[in-house]
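Okay, structure first, notes after.
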Amino acid sequence: MDTKIGSLDNCKPASNDVCSPVHGTVSTIQGSVSPAVVNCSEATLGRHLARRLVQIGVNDVFSVPGDFNLTLLDHLIAEPGLNLIGCCNELNAGYAADGYARSRGVGACVVTFTVGGLSVLNAIAGAYSESLPLICIVGGPNSNDYGTNRILHHTVGLPDFSQELRCFQTVTCYQAVVNNLEDAHDMIDTAISTALKESKPVYISIGCNLAAIPHPTFAREPVPFVLSPKLSNKMGLEAAVEAAAEFLNKAVKPVLVGGPKLRVAKACEAFVELVDAGGYAMAVMPSGKGLVPEHHPHFIGTYWGAVSTAFCAEIVESADAYLFAGPIYNDYSSVGYSLLLKKEKAIIVQPDRVVIGNGPAFGCVLMKDFLRELAKRLKHNNTAFENYHRIFVPEGQPLKAAPKEPLRVNVLFQHIQKMLSGETAVIAETGDSWFNCQKLKLPAGCGYEFQMQYGSIGWSVGATLGYAQAVPEKRVIACIGDGSFQVTAQDVSTMLRCGQKTIIFLINNGGYTIEVEIHDGPYNVIKNWNYTALVDAIHNGEGKCWTTKVFCEEELIEAIETATGAKKDCLCFIEVIVHKDDTSKELLEWGSRVSAANSRPPNPQ
């Protein structure tokens, strides 16, 4: 049976509510009606690409103009359902498409050849690491210039134009270089459908002289994609479920832990069904935060080894069986490879593979199918959750601040917690915000995103732009460190142009605090900026913007009241001044362990 891409079956909607509808509904085939005939002037390569993007749920494309893509941009603008958003640089355009894809299920950006392509490459690599379908479109050279031995501008000065393509081959799952109209329809459709099937970025280069030319292959509205779904091997599925059920049903205090690959496996709901069926305690890995509902009665927190939320690691690591759904064990998520887990106690469920203990392993078994079938076989066992309930002690409150006492980070996040609702979403920048935001308790419907696998500082500015554009009904709360903000600050300008109402907390502690805790040195101290004045200059009287600088809790309370009250329709930029050594205790622990992992001496030869 084929699956119509009628609405992108994105595992993670723009919320923390597992029942929330997915954004980005796209067209479906209706009956046997033939696609409408397109006017000759609109039957161009550029308009076909634009119609395809709208059809899959992309209504906003993030771009930076360059002479090789200008004609293509004309044709994208002409498509009624497509909004072209000009960004300040290609890196932010890529980050914005990343943030958009996290909410809508797919995103797109358009840049120019080589100088633009290599600039956006870092963002595409991040999207690849996070398994996000992203369409990266590049305006390429004139089709007549291929094979002519000519040297073009925007290149490295060689007549070979393949440098950009070779770079993208390692961070995309499909590459299409369109330099003739005969193959264009097929190449574009193959690229886009591959991005959706593989949940990875793709690269499409379009010759600068082709976008405006009509061609018979574009004479009709494109037929919506019908993608053949991946199927589980039925015998393998049955064997995997039987072995896993036997493994878990004989355990005394089993637990379930959700990981980041729940998203790409589209298995978030199936995971919750398994929790409900078994009655097990449910935790989430740090990079999976937001993929499962934290208001679920059996949710016990974030499992992150030594820096887990309170009492979570004790329950997980003392269990006699644990099922990890979609985990990624890297040096960051394992706190410098220090997790106290035993392979023989674990069931590892990847998107298409199940491994039980030290064996057996079952391939061609889809996670969603496996979790749903396993839920039917589990005996109810809430022992681990009862143990958690017995030992749990509610978190204490930060020490009450004296009047006008310098603001502490834990007090800041205590007040951010109170701001969260089903109408908000949190974007956490790489740095200490990782750890402070992990401790936030997400109410039903509250979105949450951060980039843990790639960990590129500055990601959050562009991602906030893209995410907020994808879900204008939510108010995004971005927590960004000063060092990260300096990398990508320009696109606050684009947020203002788009009329976004994001609240940005700029945490000014004078440097790269996360790096200080891994390995300190003078290179971690940055030049201090007057950040509110910078944003005021970017605002320049155009759009709705409000900025303030806070030094103490009283000023923070007043700023939040203003941002959520009188200035609720504005982009609000709140610069929070904190001490350079004011970090979460989790960062202190994590930093020392990651430092130890980084500094291991070479193995003897």
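Note: Cβ is positioned from N, Cα and C throughout, glycine not excepted.
Per TrEMBL, the feature Mg(2+) binding site maps to Asp482, Asn509, Gly511. A C-beta separation below 8 Å, combined with a sequence spacing of at least six in one chain, links Asp482 (Mg(2+) binding site) to Leu506, Ile507, Asn508, Asn509, Gly510, Gly511, Ile526, Asn528, Trp529, Tyr531.
Averaged over the domain 'Thiamine pyrophosphate enzyme N-terminal TPP-binding' (44-149), the predicted model reaches a pLDDT of 96. Taken from TrEMBL, the feature domain 'Thiamine pyrophosphate enzyme N-terminal TPP-binding' applies to 44-149.
For 241-359, the entry in TrEMBL reads domain 'Thiamine pyrophosphate enzyme central'.
Broken down with DSSP, the domain 'Thiamine pyrophosphate enzyme TPP-binding' (452-576) shows 58 helix, 28 strand, 39 coil. Sequence annotations record features per position, and here TrEMBL assigns domain 'Thiamine pyrophosphate enzyme TPP-binding' to 452-576.
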Three-state composition of the domain 'Thiamine pyrophosphate enzyme N-terminal TPP-binding' (44-149), taking helix and strand from DSSP: 52 helix, 22 strand, 32 coil
Number of other Cβ atoms within 10 Å of the Cβ of Gly511 (Mg(2+) binding site) across all protein chains: 20
Near-site residues: Mg(2+), ref Asp482, Asn509, Gly511, CB cutoff 8 A to centroid: Gly481, Gly483, Ile507, Asn508, Gly510, Tyr512, Thr513, Ile526, Lys580
